[in-house]
Amino acid sequence: MNEVMVIKEGWLQKRGEYIKTWRPRYFLLKSDGSFIGYKEKPDSTEHSLLPPLNNFSVAECQLMKTERPRPNTFVIRCLQWTTVIERTFHVDTPEEREEWIIAIQTVANGLKNQVPEDEEEEAMEVKYGSPSDVSSAEQMDVAMSKGRPKVTMNDFDYLKLLGKGTFGKVILVREKATGLYYAMKILRKEVIIAKDEVAHTLTESRVLQNTKHPFLTGLKYAFQTSDRLCFVMEYANGGELFFHLSRERVFTEDRARFYGAEIVSALEYLHSRNVVYRDIKLENLMLDKDGHVKITDFGLCKEGITDGATMRTFCGTPEYLAPEVLEDNDYGRAVDWWGLGVVMYEMMCGRLPFYNQDHERLFELILMEETRFPRTLSPEAKSLLAGLLKKDPKQRLGGGPDDAQEVMSHGFFASINWQDVTERKLSPPFKPQVTSEIDTRYFDDEFTAQSITLTPPDRYDNLDALESEQRPHFPQFSYSSSIRE
């Protein structure tokens, strides 16, 4: 095994991702492609001991020189875990910039043919350029029985539009063979590729396939056509918590406790499987027909996070971003407990803990402002929210090695039997008044009133004959599993 060497080191000015200020960072570029930044210059013995503020890989990177927003700026476009990121740096002279660019490019070129065989399968390697340039190393371990008939668009009746987003739409469908109802998420490949969301989408598919928990949305099938990816998921027709809270303005503490407990149970399960959710927000929390929580939309999940492991990709809704994300630092599982704090604050207080239409001001509030609580809150609720919304992730409730157990043992949840939570034995405080599987009263009629337009079915007739090499971005995407076991 080759010894990892420091190829180049020195001070760089790095631009913040959200708060666009320049911060001095001492960076080390190593022969294994790691590009790590520290607040202070570490001495040689500290390299492996000090936790870095920034940790990137220059493998498969692209480099760009620019004189904006400052002279002698360069941008690195690279893969951070499974997401394509861009980071902006600035130095004092053109010569210094050239030295860094040559060093980074040399390391990146040297790594091109050195991917170990055992890592090749796991690396979801996103390359840049035209679709044909994308490596088929973007693979997913899909346990799929070979004898099972393949699923196509023709296997479903398309009933109602449930939602629309940047990448596609969600439609209420009925499986023709069984008469069962599902939510089908249809994503347009060209948009996913254009917006560098390939890795996020593959992550969503893999997380959905490998998780089974009462409060996580189950995946029934995943398949693709020539231009679309389709997830056929459990259909939760109780509506988004956002929908209900926006109509009721505030929930009682008991009701918030119930939803909070089910979210904690789901996060404990994900964290135990080394998955950090990262995008807890009301819009991603659905209710099923009985009133239990279903967490949806796994596109922002980051896989492979263990205690103490951190990640450096930017995603999430601005109002829900944790301070450590804004401060441009590595972050770990504690971001989910911050997210829980924000949604529980919304439920019990009827507003976001920090809000401003101006994002720069919003980020300032998240970083600096003390959390304020209405006088109507109980001491236990106040204590829980204050703990979850601690700025320092190490001090945050749930931020220690015990993770979810810290949250579960808080006084606010003293009345909760956690075994009963997981077994769905607690009575939901609100039961959606749905009269049938196709009752969409809790979905926005902005969508449900629209007619569904799909490409004519004959476009899909022979798509399952496509070989994986004709699908360079999404090989082995298909999946089939019984939700109702």
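Sequential numbering from 1, following the chain as shown.
Cβ from N, Cα, C; glycine included.
DSSP states for the domain 'PH' (5-109), grouped as helix (H, G, I), strand (E, B) and coil, give 16 helix, 49 strand, 40 coil. Here Swiss-Prot flags 5-109 as domain 'PH'.
Look at Swiss-Prot and you will find Ser132 (among others) tagged as O-linked glycosylation site.
Summarising the annotation, Swiss-Prot assigns O-linked glycosylation site to Ser135 (among others) and lists similarity to another entry as the type of evidence.
Taken from Swiss-Prot, the feature domain 'Protein kinase' applies to 156-413, supported by sequence analysis.
As annotated by Swiss-Prot, ATP binding site applies to Leu162, Gly163, Lys164, Gly165, Thr166, Phe167, Gly168, Lys169, Val170, Lys185, with the evidence given as sequence analysis. Secondary structure from DSSP puts Gly168 (ATP binding site) in a beta strand.
Every protein chain shown contributes to the tally, and the Cβ of Asp279 (active site, proton acceptor) ends up with 21 other Cβ atoms within 10 Å. The active site, proton acceptor annotation in Swiss-Prot covers Asp279 and is backed by sequence analysis.
Per Swiss-Prot, the feature O-linked glycosylation site maps to Thr310 (among others).
The annotation phosphothreonine is assigned in Swiss-Prot to Thr313 on the grounds of similarity to another entry.
As annotated by Swiss-Prot, O-linked glycosylation site applies to Thr317 (among others), with the evidence given as similarity to another entry.
Confidence across the domain 'AGC-kinase C-terminal' (414-485), taken as the mean pLDDT and rounded to a whole number, stands at 66. Per Swiss-Prot, domain 'AGC-kinase C-terminal' is recorded for 414-485, and the stated evidence type is sequence analysis.
Per Swiss-Prot, O-linked glycosylation site is recorded for Ser478 (among others).
In the three-state DSSP scheme, Leu162 (ATP binding site) falls into the strand class. Here the CA atom of Asp279 (active site, proton acceptor) lies 20 Å from the CA atom of Leu162 (ATP binding site). When the alpha carbons of Val170 (ATP binding site) and Asp279 (active site, proton acceptor) are compared, the span between them is 19 angstrom. Other C-beta atoms found within 10 angstroms of the C-beta of Val170 (ATP binding site) number 23, with every protein chain shown included. Following the DSSP three-state reduction, the secondary structure of Asp279 (active site, proton acceptor) is coil.
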